[in-house]
Amino acid sequence: MNKKAHHAWWIMISCGTISFCVLGVVMACSGIFFKPVCDYLGVSRGAFSLYMTIIYLAMFIVLPIAGKKMPTANFKKFLIAAMAVFTLTFAAMSQFTSLYHWYAAGVLMGISGAFVMFLPIPILINNWFKQKVGFALGLALAMSGVGGTLFNPVGAYIIQNYGWRTGYLALGLIAFAITMPFMIFVVRFKPAEMGLEPYGAAETAATAQVQPQAGAKPAELPGVTAGQALKSPAFYTALIFAGMMTMSGTVQTHIPGYVTSIGLSAIVGGFAISMTSFGIIFGKLVMGYLNDKIGLSKAITTGTVLSAAGLITILAAGSNTTLLYVGAFIFGFGGISMGTVMPPMVVRQFFGQKDFSSIFSNIQSITTLLMAFAMTLYGFIFDLSKSYANSLLASLLFLLIAYGGYLLTTVTAKKLPK
């Protein structure tokens, strides 16, 4: 008997294309343009990379607004418009001639990125899945690593053979072409728009010994309002978890610098960061699966232990490249993947689904700002101490603070209104 797949799985695939293109094709490949564009403009890497900071600062400002505006009947319109602006602005960089063009583009990509980079995937998965939430979220988010792994070498080839302008145009149009059909024809904000229940709703109702009635008015979603959440200690302990986890994971950008600082080659550094990327891909899948199978607390504990083990292994490896690669993989597998998969799961479990998008967007807004801050912080730590080892130790400290924040959330959340 041919049973039609639930539309929720098409939503997950659509979320995968968002992750693949926005985080993988566009953001993860931005670095390959730094050298050729800086050579063309005659500016420093720091001056050019400032446009990336502008993206995150603009997102920090707009994310709370996006969190309130997106969960409406206009969700799809917001998503389509923002995706078009984000991807086509990246493509338009092929025509830029001044550093200030990139700064202006950073503002546009930050505003549109608030609607496409961090919010839509958790919101859609939260709306469409009652069961296998962690698996669906992990698989969708894992596609960012796949996109970066595939298109970094593709983009580098295009730049080397056809120039950086062609590279920007090609990657921007590819991202636009892949995402748009799914945004237009597949994505729906909620299952009710198609007369459906979320995936696993019937099984969840049966477990609770409640049978959903056909045509009945949907029950009010469980959870607290955004106002109640923002006034609670649980919100701020959850913010500590998400923010510190993000700051810990951001050190990955400095792993190649650490490798060369201890006397190993840039090739070894490049391979180490590739191992981290592979770890992130598999880690997002496994962390989501563990959340479904053993629960949120055990999954976060597992990820924290693995991340700490990865950082310690990197530090202890010295010139042992095999041990270095193992440590880099474990760090990506545990901590970095957990930093993207677990924050929305924490919000869903402790604050519920009632105002999920608004609560999560407020947390994501601050973590985005902390991400931009951490990128600079790790560099300053090296400048002051002349050692990237201290940056890795700082990452380990942030990881432990994050875990402490989660443990506090399990306590403070008990005081939330039922």
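Each residue, glycine too, has its Cβ placed from N, Cα and C.
According to TrEMBL, the domain 'Major facilitator superfamily (MFS) profile' annotation covers 1-417. Look at TrEMBL and you will find 7-34, 46-66, 78-96, 102-125, 137-160, 166-187, 261-287, 299-317, 323-347, 359-382, 388-408 tagged as transmembrane segment.
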(request) Please indicate, using numbers and ranges, the residues of the same chain that are 6 or more beyond the transmembrane segment (388-408) and have a C-beta under 8 Å from a C-beta there. (result) 233, 237-245, 247-251, 254, 257-258, 261, 297, 300-301, 304, 307-308, 311-312, 314-315, 335, 346, 377-378, 381-382
(message) As a test: from 78-96, 102-125, 261-287, 299-317, pick the stretch that has the greatest number of Cβ pairs under 8 Å with the transmembrane segment (166-187).
(response) 78-96
(message) Below 8 angstroms Cβ to Cβ, which residues of this chain, lying six or more residues outside the transmembrane segment (323-347), approach it?
(response) 122, 125-126, 133-134, 137-138, 141-142, 238, 241-242, 245-246, 248-249, 252, 255, 259, 264, 268, 271-273, 275-280, 282-284, 286-288, 291, 296, 299-300, 302-317, 356, 359-360, 363-364, 367, 399, 406, 409
(request) Would you mind listing the long-range same-chain contacts of the transmembrane segment (102-125), meaning Cβ under 8 Å and 6+ residues beyond its ends? (result) 11-12, 14-15, 18-19, 22-23, 27, 37, 48, 50-59, 61-63, 65-67, 70-71, 75, 78-79, 81-83, 85-86, 89-90, 92-93, 96, 133, 136-137, 140-141, 187, 189, 344, 347, 356-357, 360-361, 364, 368
(message) Below 8 angstroms Cβ to Cβ, which residues of this chain, lying six or more residues outside the transmembrane segment (261-287), approach it?
(response) 134-135, 138-139, 141-142, 144-146, 148-149, 252, 255, 299, 303, 310, 318-319, 321, 324-326, 328-334, 336-338, 340-342, 382, 387-388
